[in-house]
Amino acid sequence: MAPTVERKQIDITPLKKANVPIIFIVGGPGSGKGTQCERIVKKYGLSHLSSGDLLRDEVKSGSARGGQLTKIMEAGELVPLEVVLDLVKEAMLKEVAKGSKGFLIDGYPREVKQGDQFEAEIMPARLALYFEVAEETLVKRCLKRAETSGRVDDNAETIKKRLKTFMQSTTPVVDHYAKKGKLVKINAEGGVDEIFGVVQQHLDKIFK
Ligand SMILES: Nc1ncnc2c1ncn2[C@@H]1O[C@H](COP(=O)(O)OP(=O)(O)OP(=O)(O)O)[C@@H](O)[C@H]1O
Ligand SMILES: Nc1ncnc2c1ncn2[C@H]1C[C@H](O)[C@@H](COP(=O)(O)O)O1
Ligand SMILES: [Mg+2]
């Protein structure tokens, strides 16, 4: 049985009141989520929150649960839903206080129930952008990134495990949002500019 995770009491009233668009960013490890989000932020001024970055910041903060989180990330597995959702909520509240125009939630949801719980506790997402990339390309990109990233999970063994987790837990997310009519699937094998061109075609419809 999964261990019980203590939930924080987080008042998300300001987040609900702000009622700004939320876009989930989905894709395998190294698919270019962070890279495209950087470009989106520059053009549309949205708030970019990467669940992986929030977890890495939590580890750096030296919190009691940091060691446990590192182990999970080194194993290429998923961190418990409640831990991630509470970190995302807190980060969203900080952005709303600064007058956020909308959110890119990068690396989330990693499993169907994460998305459902987010939407039940916060609000429905407007879109899920899915960056589709072949496994071979994902591995190449992560190994190249490993030369400079310093990430504990950018190594051949962990990349293999992350890909397995992605195939098992995250690919059902894609079908889930397709069924809701909220999925935008983008072929992300090409160059960064080419992919961003396609991204803009979709986001221009929301952020005029
Ligand atoms: N279209 C592209 N073509 C070639 N390389 C790319 C492309 N997009 C991103 N990259 C490179 O691939 C690596 C992974 O990109 P990025 O960090 O954006 O992926 P990610 O989806 O956020 O990965 P993760 O889930 O592991 O955080 C980076 O080194 C980045 O510079
Ligand atoms: N949404 C998430 N749920 C569970 N675990 C997560 C989530 N986002 C990140 N993680 C963990 C597991 C990943 O392998 C690492 C790195 O994330 P990344 O998005 O690749 O930076 O963190
Ligand atoms: Mg990333």
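Cβ atoms here come from the backbone N, Cα and C positions, even for glycine.
Taken residue by residue with DSSP, SER31 (ATP binding site) is part of neither helix nor strand, so it is coil. The ATP binding site annotation in TrEMBL covers GLY30, SER31, GLY32, LYS33, GLY34, THR35, ARG145, GLY190.
For SER51, ARG56, GLU77, LEU78, VAL79, GLY107, TYR108, PRO109, ARG110, GLN114, ARG151, ARG162, the entry in TrEMBL reads AMP binding site. Reduced to three states, the DSSP call for ARG110 (AMP binding site) is coil.
According to TrEMBL, the feature region 'NMPbind' maps to 50-79. Note on the region 'NMPbind' (50-79): residues 33-34, 37, 87-88, 91, 105-108, 110-111, 151-153, 158-165, 169 of its chain, located 6 or more positions outside it, place their CB under 8 angstroms from a CB of the stretch.
Across the region 'LID' (144-154), DSSP helix (H, G, I), strand (E, B) and coil residues number 6 helix, 0 strand, 5 coil. If you look up TrEMBL, you'll see 144-154 marked as region 'LID'.
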Task = Determine the C-alpha span of the ATP site listed in the record, that is the greatest distance between any two of GLY30, SER31, GLY32, LYS33, GLY34, THR35, ARG145, GLY190, in Å to the nearest whole number.
result = 17
Request  = Between VAL79 (AMP binding site) and GLY30 (ATP binding site), find the distance joining the two CA atoms and give it rounded to the nearest Å.
outcome  = 18
Query = Of GLY30, LYS33, GLY34, ARG145, ARG151, which binding-site residues come close to ligand 3, meaning Cβ under 6 Å from one of its atoms?
reply = LYS33, GLY34
Contacting binding-site residues for ligand 2, chosen from LYS33, SER51, VAL79, TYR108, ARG110 when the Cβ sits under 6 angstroms of any of its atoms = SER51, VAL79, TYR108, ARG110
